[in-house]
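For reference, TrEMBL has these:
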type     : residues : note
REGION   : 1-29     : region 'Disordered'
COMPBIAS : 1-11     : compositional bias 'Polar residues'
TRANSMEM : 32-49    : transmembrane segment
TRANSMEM : 61-89    : transmembrane segment
TRANSMEM : 101-122  : transmembrane segment
TRANSMEM : 134-158  : transmembrane segment
TRANSMEM : 164-184  : transmembrane segment
TRANSMEM : 191-211  : transmembrane segment
TRANSMEM : 226-252  : transmembrane segment
TRANSMEM : 273-292  : transmembrane segment
TRANSMEM : 333-357  : transmembrane segment
TRANSMEM : 363-383  : transmembrane segment
TRANSMEM : 413-431  : transmembrane segment
TRANSMEM : 452-470  : transmembrane segment
Amino acid sequence: MNDRGTTSQAPEGTAEVAGPGRDRPPGAMRRGVSMAGAVALACLVHALAPFDEAARKGLALLVFIGTLWLTEALPLAVTAMLVPLGALVLRIPGVTTTSALASFADPIVFLFLGGFALATALRTQKLDLKMAAWLLSLSGGHFGRAVVLLFLATALLSQGISNTATAAVMLPLALGMLGSLGPACDRRTQAFVLLGVAYSTSIAGIGTVVATPPNAIAARAAGIDYAGWLLIGLPLAAILLPLMFVTLWCVLRPTLHRRFVPEMVPQPWTPRRVVTLVVFGLTVLGWIFGATPLKAWGIEGPDTFVAMAAVVTLVALRLASWQDVVRHTDWGVLLLFGGGLALSRVLDVSGASLALGRATADALQGAHPTLVLLAVAAFMVALTEFASNTAAAALMVPIFAAVAAQIGLPPEALVVVVALAASFGFALPVATPPNAMVFGTGMVPQRSMLRAGIALNLVCILVLTAWGTLRWG
């Protein structure tokens with residue numbers, strides 16, 4: 001549930017890693033150049049776009065916001081708040097103060113708040129460490145088996161807590177495993193284990209709506225609920241995780257046939273941990289099976305209802321204090337959601353989405369759906385290596401939703417592909433916080449990350465394209 005460029009709390013005892021746009025803000029000159037460039041590009045688009053006035057205003061705002069998001073000249077959440085301000089200043093027809101700000105209170109925002117609260121409770125009760133310890137204890141001292149279980153534990157944790165927090169929890173375990181091998185542990189094996197932890201968080205994060213922001217953005221745009229996203233994301237994650245293992249093994253050739261002694265701090269069961277696990281399980285069951293009975297009761301937005309009920313229950317039972325929930329909630333991500341939804345609404349009411357969709361559809365006219373899916377997946381993977389995945393998804397989802405409708409694909413086809421591809425940034429340390437964290441250990445050469453990451457990028461693009469073709473082609 002994390003995105004580089006936002007502020008997220010790591011579990012206690014772990015170090016925060018500065019990602020792009022977090023603790024290394026751009027200099028004044030770079031910020032000024034980026035903002036001036038954004039204004040100039042917006043003015044140019046408004047002057048040259050062959051559309052009506054409302055659509056040109058919408059496209060100008062899109063270019064302005066998109067440039068600031070991609071360059072991170074301002075914090076992403078601050079740029080998100082410029083969306084309603086810009087729409088009101090430009091006097092885009094159909095946009096009022098109330099309608100412009102309504103997106104920041106969209107049900108999907110509260111759904112993600114529930115996800116943050118659950119993650120806080122898991123960390124507070126140390127259930128994340130307990131699950132990891134249990135899985136690693138199953139290895140029996142066999143290093144190769146322990147590595148597989150480490151990747152599995154990482155994948156499971158990333159379904160409920162942020163990718164950054166998951167990596168922060170699992171990285172010390174990975175380093176402990178490598179340290180237990182002593183001087184005999186070679187660089188290739190070190191890179192294999194550490195990159196596997198980082199990549200497992202990103203790949204497994206596509207599995208649920210609340211695991212990472214692009215999923216929620218796409219689910220909201222395509223009208224997909226929690227259970228519906230499970231049917232999309234989990235099978236694909238289950239395919240890609242073994243392929244990740246094989247890809248890393250082929251590129252890095254680690255030595256896994258070794259013995260080691262797991263060093264784990266025991267985490268005994270306590271009443272609070274049991275109750276936390278019960279609340280977590282009931283919440284997930286509510287997300288999966290609660291839609292029908294809740295809608296029958298007259299409750300719209302059942303996923304959000306379940307999430308908010310979970311927040312109240314966790315705080316009321318003191319499984320997590322409200323102060324902890326506030327501290328561990330990434331409010332910047334919630335504002336970014338609101339800005340992305342507001343931008344989507346502006347593009348819709350101004351006619352910019354339709355105009356852009358028609359223009360792109362004309363360019364893609366006659367192209368096979370497989371080629372379209374391949375191009376979109378490759379474009380998003382390349383973009384997310386350099387740009388925030390949440391910002392990229394918020395920017396591209398409304399555009400490609402319109403494109404899909406114009407070229408005859410189901411509206412959700414390109415939207416889902418955009419969101420999934422946004423999670424596949426593997427080649428550069430700056431692509432994701434987990435990448436930066438493992439690179440920061442000094443045990444992963446950048447050349448190894450680049451080779452393994454590019455190979456895995458290609459695998460994910462091809463698998464995503466094939467999967468999209470089978471589903472929608």
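Every residue gets a Cβ built from N, Cα and C, even glycine.
Highest Cβ contact count with the transmembrane segment (226-252) among the listed stretches 32-49, 333-357, 413-431 falls to 413-431 (criterion: pairs under 8 Å). Within the same chain, the transmembrane segment (452-470) stays apart from the transmembrane segment (273-292): fewer than three Cβ pairs sit under 8 Å, each pair at least 6 residues apart. Contact check: the transmembrane segment (101-122) against the transmembrane segment (191-211) gives at least three Cβ pairs closer than 8 Å, residues 6 or more apart, which meets the contact criterion. Spatially, the transmembrane segment (61-89) is not adjacent to the transmembrane segment (273-292); fewer than three Cβ-Cβ distances between them are under 8 Å for residues at least 6 apart in sequence.
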